[in-house]
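According to Swiss-Prot, the protein has these features:
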| type | residues | note |
| --- | --- | --- |
| TOPO_DOM | 1-8 | topological domain 'Cytoplasmic' |
| TRANSMEM | 9-29 | transmembrane segment |
| TOPO_DOM | 30-91 | topological domain 'Extracellular' |
| TRANSMEM | 92-112 | transmembrane segment |
| TOPO_DOM | 113-129 | topological domain 'Cytoplasmic' |
| TRANSMEM | 130-150 | transmembrane segment |
| TOPO_DOM | 151-154 | topological domain 'Extracellular' |
| TRANSMEM | 155-175 | transmembrane segment |
| TOPO_DOM | 176-246 | topological domain 'Cytoplasmic' |
Amino acid sequence: MHLFDLRTLLAILVSICVVFQAFPLATVPLNKNLILGQYMGYHFGVFGWCFVDKGVTIACHCKFRPDSIETYKYTDQLLFPSLYKVTISTLLVVHPVSFAFTCILWIMALIIRLSRFGRCPIFILSAATWSLAAFLLALLSALVDLLLFVNKLKWPGWLVLASVPLMAICCSWLWSLRRQVSAIFYERKAYATQTYSRFDSMELSHIDTKFSDDQSIYETYTLERVPYSKNEAIEEPALTYYTSSS
């Protein structure tokens, strides 16, 4: 696959991951139409919950406060579908953290695609390392959703789960791109060094002086490559130059 295509596909996949991970952040109570999980009339989101009775939203609260009177106003106890208490809701904080890491990775992917840093081995190595952390956080977000909401998980949560294999592909492509760019970089560096050494190791040797019939003097010089070591073979033919003087 051409490097240009790889960079373009990388930016597209990371953009899709950003969109997928943005939906859970917009769930209730920020948007009553988006639900991360539902159980016993409670609609859960990353930042809070709403209680809905017969399609009518009765109460919405940011944060999960198990000591609040409103929490137990409609049911005996506020529980997640997995029957865990709301005290474990602090695990949902991994969603905004994962989204932030993915956004930074998205910016890096755009820089790799649109600027000269796309051919910098150090920058691509940094992006590949960052992608590992972004992938692990996305995986942790999906596992937390499955742990809390089990079969009551709604489609925003499944989008997070779908972003996990996409993040794995992006991570793999970044390491592959880093390997290819590093190989090209060191090949060019080795070629430049070899070319410089080739001209730097030339030696002009005087071989002989001859006299012609008209008393002109012909001096023979040979331009040859000087080997780096005794074991190095000289494969290039010697170039002979003739100069004349009267």
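Glycine is no exception: its Cβ is also placed from the backbone N, Cα and C atoms.
Residues 6, 9-10, 13-14, 16-17, 20-21, 23-24, 26-27, 34-37, 95, 102, 105, 109, 124, 127-128, 131-132, 134-135, 138-139, 141-142, 145-146, 149 of the same chain lie 6+ residues outside the transmembrane segment (155-175) yet bring a C-beta within less than 8 angstroms of a C-beta in it. In the topological domain 'Extracellular' (151-154), the DSSP tally of helix, strand and coil residues is 2 helix, 1 strand, 1 coil. When DSSP labels each residue, the topological domain 'Cytoplasmic' (113-129) comes out as 15 helix, 0 strand, 2 coil, counted as helix, strand and coil in that order.
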